[in-house]
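Only one structure is covered here, and it is reproduced in the block below.
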Amino acid sequence: MYLVTFGIGASPFTNIEAARIFCCNSCIAIFFNYLYVLSFYGSSLVFTGYIENNYQHSIFCRKVPKPEVLQEKPAWYRFLLTARFSEDTTDSEETNTYESHLLVWFLKRYYCDWITNTYVKPFVVLFYLVYISFALMGYLQVSEGSDLSNIVATATRTIEYTTAQQKYFSNYSPVIGFYIYESIEYWNTSVQEDVLEYTKGFVRISWFESYLNYLRKLNISTGLPKKNFTDMLRNSFLKAPQFAHFSEDIIFSKKYNNEVDVVASRMFLVAKTMETKREELYDLLETLRKLSLTSKVKFIVFNPSFVYMDRYASSVGAPLQNSCISALFLLFFSAFLVADSLINVWLTLTVASVEFGVIGFMTLWKVELDCISVLCLIYGINYTIDNCAPLLSTFVLGKEFTRTKWVKNALEVHGVAILQSYLCYIVGLIPLAAVPSNLTRTLFRCLFLIALVTFFHCFAILPVILTFLPPSKKKRKEKKNPENREEIECVEMVDMDSTRVVDQITTV
């Protein structure tokens with residue numbers, strides 16, 4: 001399942017190179033891990049079983065002495081070679097040892113009976129409805145992330161800058177560079193109108209507009225001949241102290257006849273928009289780019305933040321599409337792997353419930369939908385299937401008993417393994433919370449929510465819902481077929497030596 005999911009992420013369907021490299025490395029790691037499990041890990045289990053059968057210590061491989069012999073040894077020797085098994089241990093004692101484990105004992109003695117109690121089920125269902133309500137509230141507030149502060153450490157100047165920008169200047173877009181990269185007829189009035197039309201609606205820092213206003217103040221027409229327009233620009237306008245800084249925005253070039261021409265220039269634009277409404281920035285960026293391809297004046301627009309806006313704009317749609325494809329592939333392959341189609345139905349509903357809750361609570365926890373969070377959602381599909389599939393398989397394949405009985409049996413068999421896996425998973429996540437980076441913090445919050453919601457479904461939602469939703473586990477009583485009726489033959493036997501009569505009944 002992991003190979004299918006990460007294989008789709010490593011395919012050409014993914015347009016993010018970082019995500020493709022991550023998925024490719026994950027596929028390679030999973031493949032070698034599978035080989036390790038089949039080879040070295042399996043051999044280690046066999047060797048461990050051989051050591052246990054010979055009553056040897058699992059670490060030091062020495063024969064475990066009998067208790068009376070071990071008492072005569074020093075304290076350090078008894079501490080190192082103490083073991084729970086000995087030559088006198090029987091199978092029943094080993095079973096009792098397993099059942100006496102704290103987690104197994106807790107599940108069998110208390111939790112299974114408590115979670116399937118008739119008075120507890122309504123509260124669990126009510127709690128699930130509250131869970132769905134909050135998840136829906138967060139789902140309706142999902143926003144795409146394009147904040148530069150999400151990819152840098154928390155204690156940096158970038159965080160201070162973005163905080164001040166959003167607090168005091170959030171009504172303006174980033175400064176957009178407007179670059180004209182070919183020689184155009186700046187002196188032509190129609191070209192002047194086109195350039196001014198392209199930059200209309202922006203707060204402009206433009207040498208071109210300032211120069212036209214300069215000519216108007218001198219009562220000079222803006223439609224000067226080329227030579228006069230260029231000479232006035234070089235020798236008069238750029239020599240004025242208040243306009244001298246525009247000299248960095250214009251590139252002149254001399255031709256073969258010593259004629260000077262403007263080969264490239266730049267202007268700066270600022271849009272009146274909301275920084276928090278990223279859709280406006282995306283629309284603005286796309287509008288300017290489409291205009292640059294169709295306009296008579298060849299120009300490009302750029303700002304360093306456009307790199308991240310482009311990446312985040314494309315980092316949501318493609319991974320979401322890949323996650324849907326991955327889910328469909330997983331369900332398709334699981335249809336051939338599972339023993340009952342009902343298992344596939346329950347897995348689909350469980351995965352949908354978990355993913356919906358994670359997206360909702362992720363938004364309420366101020367985690368935006370970016371590349372990292374979407375990759376975590378893809379991983380959450382596999383994590384949910386790994387934990388919920390054993391419970392659902394044991395329940396669905398169980399026959400002849402009630403639903404409650406098989407729910408208890410599934411929790412007793414697989415609950416300890418799921419709980420131990422969950423605890424190890426949480427311990428591994430704790431170091432991520434201490435990393436001073438918003439990117440790592442996003443990763444921690446998403447993975448923690450996936451683990452928490454999956455645990456909630458495994459130990460609360462599924463055990464309760466499975467006890468009262470159809471189909472029933474009880475088989476209908478089969479009507480006896482007349483052809484399969486039992487014939488009873490009675491044979492009377494008389495003892496000749498006495499008057500005793502013996503009746504022999506034979507079933508045919």
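Placed from the backbone N, Cα and C atoms, the Cβ positions cover glycine too.
Record features (TrEMBL):
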- 1-47: domain 'SSD' (DOMAIN)
- 21-41: transmembrane segment (TRANSMEM)
- 119-140: transmembrane segment (TRANSMEM)
- 319-339: transmembrane segment (TRANSMEM)
- 345-365: transmembrane segment (TRANSMEM)
- 413-435: transmembrane segment (TRANSMEM)
- 447-469: transmembrane segment (TRANSMEM)
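Mean pLDDT across the domain 'SSD' (1-47) comes to 81 in this model. Non-local neighbours of the transmembrane segment (119-140) in the same chain are 356-357, 359-364, 456, 460-461, 464-465, 467-468; each lies 6+ residues outside the stretch with a CB under 8 Å from one of its CB atoms. Distant neighbours of the transmembrane segment (447-469): 111, 115-116, 120-121, 124-125, 127-128, 131, 346, 350, 353-354, 357-358, 361-362, 365, 376, 379-380, 383-384, 387-388, 391-392, 395, 403-404, 407, 410-411, 415, 418-419, 422, 425-426, 429, 432; these residues of the same chain sit at least 6 beyond its ends, with a Cβ under 8 Å from one of its Cβ atoms.
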